[in-house]
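Asker: This structure is in structure tokens; I'll ask about it shortly.
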């Protein structure tokens, strides 16, 4: 836990400090990027100085002298600071208590440098203290690695994380330690000069096979997204008398020399197998094109009848990763869970990385086995998965394909629209296997699919997306019951499911369209008259339209029948079924949608109203006999 200690007690025991300008700040302090840092600060001024209008302070960056215009980090008199410190700094200390502690939030590497404090006691009593605090902003943790790492000797690696932000406490985690023999971890907390550092030490005994291995230190702040990592590669030195290292595929010669009298019988042993022997003072064992199978302990044994001696060495063979072994390509259903395995061999032990379509999808593993677990896979999990194995001598990879099958899903582009030729319905769906699309017209009990050529049925497949389209034309689309197709159902299906979407299409053309337009005209006229009456506040006034333009056309020559249709449309409002009933013939059958039958080549002309300069007319009544509001409209 970070704590901020005031140094008042320490300052009281400093002799003669009260008669001069002094400041105490930590000489070195560090913090991680995007975190915060607190710079402890305590200052003194001569006892004879009396503050004039309070005590103020300024923090400078880089330079202590105001005449050099250094960036202002914080200033008590104003909020004017350098652009890079706006909204980041805050004075935690009380200057009247001689505490000038500074907080800097959301720091970056550009904030690394020296920080100076300047006291302002009013008048000429201003002083910039030459002592400074040097801030180091780190983008990765520090790892203390010995200059020399020797095989079979105890090794300690220490990772450090600064803890100078009061709102966040770091934690340290070591990475890629699974292959280490009996690793030990210890944590320590160091506080010095009011600054704190958290450290974690990793202890183990390296072997020749660990040469080139990666180790990592991760620093993170719980409950935040701040994570920092650093990797180091082990450079393990082998003792010549006991161990030899070589690269695979290259020749190696093991040499053994024995000083004895009489000469000794010298043998080279690999495990329990004797590879070579001779009676001599020395013997050499050549190994051509060394393979990983030849890695192990080799022992030289000397025996002259009066005594025996032996010495052993470990031959470590370095080689690039072998081609990883992965699962066979597979097909799974949406929602299934699966585990992808990747195993390989290499020396040093390779790092394994899982990639999906070229993007990283799992944590890098420093081991010869990596398992990628996918829980409840979705269609997005469909693709190519590649396991990449790497070490300092090369890389290798293997891939597999995961195909995800799922029930069809209707896309937003699916809809019916009115086009010049009539009604066009488009149904788009995605699924695996590709969905089959059918249209159903419930009003006439007709199913439209690829085997039906009456309705301009069209289908297209692109990958896992299928598109179906039909066109119901204005003319000629009559069915056995003589009615129009205004309800359209789209059905999508594959082996994993079936779904249906319903559409309602109201195609108003011919006589129905004319009735709807005239109804709209009457409603618009009454709405304008009613609003003018309310605005003028006189119920006896009626509206006269100056220069109105009324464009109209008759749908049928029989005006009496047209008025009946308008009145009925006005009474029924927007009830579409009532409008359809008005369009029925004497025998009760529906007229065909879009058909021109019954109009005898009469065109549907739309009517528009244009109101210009409406004003009330004196002496005119604005209310009918039945008490309803009305408006007089004149045509120009």
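Heads up, the Cβ atoms here are built off N, Cα and C, so glycines get one too.
As listed in TrEMBL for this protein:
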COMPBIAS  616-626  compositional bias 'Basic and acidic residues'
DOMAIN    130-219  domain 'Ig-like'
DOMAIN    222-316  domain 'Ig-like'
DOMAIN    321-403  domain 'Ig-like'
SIGNAL    1-19  signal peptide
TRANSMEM  503-525  transmembrane segment
Asker: Mind checking how the domain 'Ig-like' (130-219) divides into helix, strand and coil residues in DSSP?
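Answerer: When I sort the residues of the domain 'Ig-like' (130-219) into the three classes, I find 3 helix, 49 strand, 38 coil.
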Asker: By DSSP, what is the split of the domain 'Ig-like' (222-316) into helix, strand and coil residues?
Answerer: 3 helix, 58 strand, 34 coil
Asker: On the DSSP side of things, how many residues of the domain 'Ig-like' (321-403) fall into helix, strand and coil, could you say?
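Answerer: Helix (H, G, I), strand (E, B), coil: 3 helix, 48 strand, 32 coil.
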